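Q: Can you keep this structure in mind? I'll have questions shortly.
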Amino acid sequence: MPAKLPDDTTLRLPRILCLHGGGTNARIFRAQCRVLSTLLSPHFRLCFAEAPFPSQPGPDVVSVYRHFGDFKSWIPMPPNPSISPTNVAKKILNSLRHTIEEDDRSGADGEWVAVLGFSQGARLAASLLFQEQNGGSGMVGVYGGVNFRFAVLLAGRGPMIPLDMDAMASVSSAVLSLPTIHVHGLQDPGLEHHRELLERYCNRETASLIEWEGNHRVPIKMKDARVVVEEILKIAQKTGCLVPPTIQGGGTSNCGALLLDR
């Protein structure tokens, strides 16, 4: 079941769709993103989607989250030839639609302005933004409030996941030109694959890169998370989806403003 931030002060805020890595789930990703979520909460509502396919837990998951199953993947692992790419795409999009509809039912009504993913979820995030760029069907365009303007790609690799075969067949370029934020851990064993996503599949003029001294995980130290959030707020401002700090607990939260002014 998708996991959402329960704070009702976020109901009116623009929303970011968050996609976990393979071999984890929405609950785990919410925990992994706890520092990013706190820093972004004055400006965005983060909603965590659950992948459709059962999976074994990822190698770095068991040590901390082994009791947090069931574990899921965005694509069948290992690959299952009995499930066509079209059916894989349908299952993915159905999971995302369920997340969107459930959050709408909770009373949230902010526009869906960005997508954030880690590892396999980052690959899907890039694919969703590419679909948005090329006018594909699926979830983009079906819901009036879905208008992804940028993506945050934490340790992501290519190639794109084909979510709309007809749209993919008609595009003239496989390069993602909508804004992307790439977050690379310099100690990550998959670093070269993450750099390939940036260099081969994304337009360097609209892509920004953050490198940090970490391995294959979401930044959780405040000093590392702040750098990521600063870039998110910068791109959000450029794309017109940054909301001024909200009133919480009788006072004004200036977390985002402070980050931008630093």
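A Cβ is built for glycine as well, from the same backbone N, Cα and C atoms used for every other residue.
Reproduced below are the annotations present in Swiss-Prot:
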- Ser119: active site, charge relay system (ACT_SITE)
- Asp188: active site, charge relay system (ACT_SITE)
- His216: active site, charge relay system (ACT_SITE)
Q: Quick one: Cα separation, Asp188 (active site, charge relay system) versus Ser119 (active site, charge relay system), in Å?
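A: Between the alpha carbons of Asp188 (active site, charge relay system) and Ser119 (active site, charge relay system) there are 11 Å.
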Q: Do any residues at least six apart in sequence from Ser119 (active site, charge relay system), in the same chain, have a Cβ closer than 8 Å to its Cβ, and if so which, in order?
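A: Looking at Cβ-Cβ distances below 8 Å from Ser119 (active site, charge relay system), excluding near sequence neighbours, one finds Gly21, Gly22, Leu154, Ala155, Gly156, Arg157, His216.
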Q: Enter the number of other CB atoms within 10 angstroms of the CB of Asp188 (active site, charge relay system).
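A: A count of 17.
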Q: Per DSSP, Asp188 (active site, charge relay system) is which: helix, strand or coil?
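A: The three-state answer is coil.
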